[in-house]
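**Q** Below are the structure tokens for one structure; questions will follow.
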Amino acid sequence: MAHQHGSAAGGRGGGSMEIVPYSFSSGRDLELELPPFDVKRQDSLYRDATMPAHAAHHGQESWVRTLRLAFQCVGILYADLGTSPLYVYANTFKDGVHHEDDVLGVLSIIIYSFILFTMIKIVFVALYANDDGDGGTFALYSLISRYAKVCLIPNQQAEDELVSRYKHRGKPSATLRRAQWMKNLLETSKAAKISLFFLTILATALAISDSMLTPPISVLAAVNGLKLRAPHLTTDATVWITVAILVVFFSVQRFGTDKIGYTFAPVVFVWLLLISGIGIYNTVKYDISTLKAFNAKYIIDYFRRNKKKGWVSLGEILLCFTGTEALFADLGYFSIRSIQLSFSFGLLPSVFFTYIGQAAYLRKHMDRPEIIPNVFFESIPTSLFWPTFILALITSVIGSQAMVSCAFATMSHLQALNCFPRVKILHTSRRYSGQLYSPEVNIFLCIAACIVTISFRTTGFIAKAHEICVVLVMVITTLLMTIVMLLVWKVNIWWIAIFFVVFMSTESIYTAAVLYKFTHGPYVPVAMSAVLMFIMIVWHYVHVKRYKYELEHTVSRDEAKDLLERRDLKRVPGLGLFYTELVQGIPPIFPHLIEKIPTIHSVIVFITVKNLPIAHVDVTERFLFRQVEPKEFMVFRCVARYGYRDTLETAGDFVKILVEYLQYYVRDLNLYGVGGDEPLKIIFHSARVDSFSWERKPSGHAVYAEEMLTPAQSFSELTMHPVSMSSRLAHFQTGKMNLEEMLKIEEDQKIIQREVDNGVVYIIGESEVVAKPHSNLFKKIIVNYVYSFLRKNSRNGEKMLSIPRGQLLKVGITYEI
């Protein structure tokens, strides 16, 4: 079929006008003229951006809710950080302790790394770079995209920036010029856009890879403690015990983070109390002088004494803050204040006491290298071994929860960015919208974690693989945070410079230490991340190409009119919802449908479900409508906008909301669409105001309505209730409006409702994408085989939209890109 270039018909705007002062006249007729006022238009196309967000921000919750979330934080976020003492010293000193001050040097590095990277950078800086309460690398990218047009898909609309949550209010200052420079760089440089996108998907791929490694290393480290009481236990036995525990762990994920958090929190809380108590006991019993490690000079002495070996050991030392990246990414599950509260008064003192106590034990027993592989359990008093072991085993399982929750949130973000094949995303809590679960992702992580455990068998090799994920995500977070400081926060350049120099320099040292041992384990997550990134890039590349193709071949206004006025075109009862990814114009698949089946429904709405780079879009700001000419054919364009944390309603609920706001639009289009510059004069015939008419007076401007009829109300009902009407009169637009035109609006609304009652049919375009015949071999492989395979093995559109099969109509077409 032939495709023509052009754009769809758009809606009409309006001006402004004033209404003359009111006055009363004698006789039966009552003349009322309304005073001047400035009322904002309620049209969904031009919603005011100053309205407050409807939901409370995460930083404004009550203390009761904060304490509740802080309690949940313990169960979800801190088990990974709280179980790191199981294996940090064991991996750092695997060759033995050669100098007693080496223990102090490593302990000092642990203390200051934890303070620098976890407490300062993440908990007290990065958490404030959230996207309306949502955290993580994707949230940083989303926040940046609200201040600069960095999206590679050309689906931006001017109306998007009018959404109340879309843009924060920036503070004008001397740094505005620098922010404008950064904005121009990101918007005008394709290399900058691609680099930013690449960093984002690299960090998300690493986070998912980390979710495959955290459960094996945490659980395996705990199970290995059994060897102290059961020396005959073989490595194979510990591996299979670990696998069994992992299977049980992933099988309970479907119950949701909310329930898991309340279940796990008491266990982790007891664990943190126990290990901190044991740490204090060991410090006092073995070597109270270990507290000297708070003196940073021991770090310098450590590197001077060990040189290259000390630098290489940084890879193992950074294991002390594994789980930090999940702490930021899982912010959407909790809140800033709850995390800061539970971190400062719960996690931080507990892990510090634990590391200090183990260091004191090591300094006392440095002549016994055989204790190092299980130094954590060796340092436990004999009477507390079994309670500690059981709690360690349970907490290590719980420790995996933060990264698994992070993987679910990350996959939700990727879906919103159109960077991954469609998978099912479920919201597991009615109270907290950020708590998610994906069955497909959960199964994938379970299989991957079991394979990693069986393949590597020891914590040492998994630890080395784990390191690269942690350090690269740290570096990417620093880069994106720097852009946020320049573009969004607009802070003083010296603060930005200090932040960037301090964190980038220290993280680069850690990165170099990890990469030095690349062939000893870090290549595994890099390879897994490369596979995930390949999938993301292929999916996004084809999606962008397909979108641009459809955009270039949209049905022109004249062609749309000719199609709708064809004599052989039949109209059947019902509402047809035609789903398309285009936000501009009518897609080329529509004339293809009419060519094959010259029949359309009495009311047609072209639906585009679009994700904005914000966490939530209020339902009052969700829909943008346009009417396609000629009007009598009742054909509309609609963009339904969602945030990446919003839940897509079921098909039935979606239709109810859509029809309600379509009724609003039909009413407002007639009210606001009429021209004329004269103000409104309303004359009531009789004191009871049984009827009314609309007249004009010279001069004036258009006025917009703040409150109009709801979709359920008709103009007939208004005339029957004159008292309630009189309270609304001040909100009506001027124009040449008479009873006949009001009845026309009512009739259009009734037509829409009648066709909805006749039945709703969901029409989905199944567009197959192939490479052009003259394309190179690589592009043909990517598009014709790789993308096709991914598409066939992902969820279909009707499943993602929960469309009933009995109301579904698919239309197939092939695009050559």
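Here, residue 1 is simply the first one shown, and the rest follow in order.
Each residue, glycine too, has its Cβ placed from N, Cα and C.
From TrEMBL, here are the annotated features:
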DOMAIN    69-559  domain 'K+ potassium transporter integral membrane'
TRANSMEM  103-129  transmembrane segment
TRANSMEM  194-213  transmembrane segment
TRANSMEM  233-252  transmembrane segment
TRANSMEM  264-284  transmembrane segment
TRANSMEM  311-329  transmembrane segment
TRANSMEM  341-362  transmembrane segment
TRANSMEM  383-404  transmembrane segment
TRANSMEM  436-456  transmembrane segment
TRANSMEM  468-487  transmembrane segment
TRANSMEM  493-516  transmembrane segment
TRANSMEM  523-542  transmembrane segment
DOMAIN    573-817  domain 'K+ potassium transporter C-terminal'
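If you look at the structure here, what lies around each of the features I listed?
**A** Outside the transmembrane segment (103-129), and at least 6 residues removed from its termini, the chain residues within Cβ reach (under 8 Å) are 81, 88-89, 92-93, 97, 135, 139-140, 143, 290, 292-296, 298-299, 301-303, 305-306, 310, 313-314, 317-318, 320-321, 324, 327-328, 331, 336, 339-340, 343-344, 348, 351-352, 355-356, 359, 362-363, 366, 474, 477-478, 481, 484, 488-489, 499, 502-503, 506-507.
Long-range contacts of the transmembrane segment (194-213) within the same chain: residues 136-138, 140-141, 144, 150, 152, 186, 325-326, 329, 403-404, 406-407, 410-411, 413-414, 417, 419, 445, 448-449, 452, 462, 465-466, 468-470, 472-473, 476-477, 479-480, 483, 525, 528-530, 532-533, 536-537, 540, each at least 6 residues beyond the stretch ends and with a Cβ under 8 Å from a Cβ of the stretch.
Within the chain carrying the transmembrane segment (436-456), a Cβ under 8 angstroms from the stretch's Cβ atoms is held by residues 211-213, 215-216, 219-220, 239, 242-243, 246-247, 250-251, 253-254, 256-257, 404-405, 407-409, 411-412, 423-428, 462, 465, 524, 528, all 6 or more beyond its ends.
Tertiary proximity for the transmembrane segment (468-487) is limited to same-chain residues at least six positions away from its ends with a CB under 8 Å from its CB atoms, namely 117, 121, 125-126, 129, 137, 140-141, 143-144, 147-148, 175, 178-179, 182-183, 186, 196, 199-200, 202-203, 206-207, 209-210, 213, 318-319, 321-322, 324-325, 328, 495-496, 499-500, 503-504, 507-508, 510-511, 514-515, 518, 522, 525-526, 529.
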**Q** Check the transmembrane segment (341-362) against each of 233-252, 264-284, 383-404 and return whichever range has the most CB pairs under 8 Å.
**A** 264-284
**Q** At a threshold of under 8 Å on Cβ distances, which of 233-252, 311-329, 383-404 pairs most often with the transmembrane segment (493-516)?
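**A** Checked against 233-252, 311-329, 383-404; highest Cβ contact count belongs to 311-329.
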**Q** Within the domain 'K+ potassium transporter C-terminal' (573-817), what mean pLDDT does the predicted structure show?
**A** 71
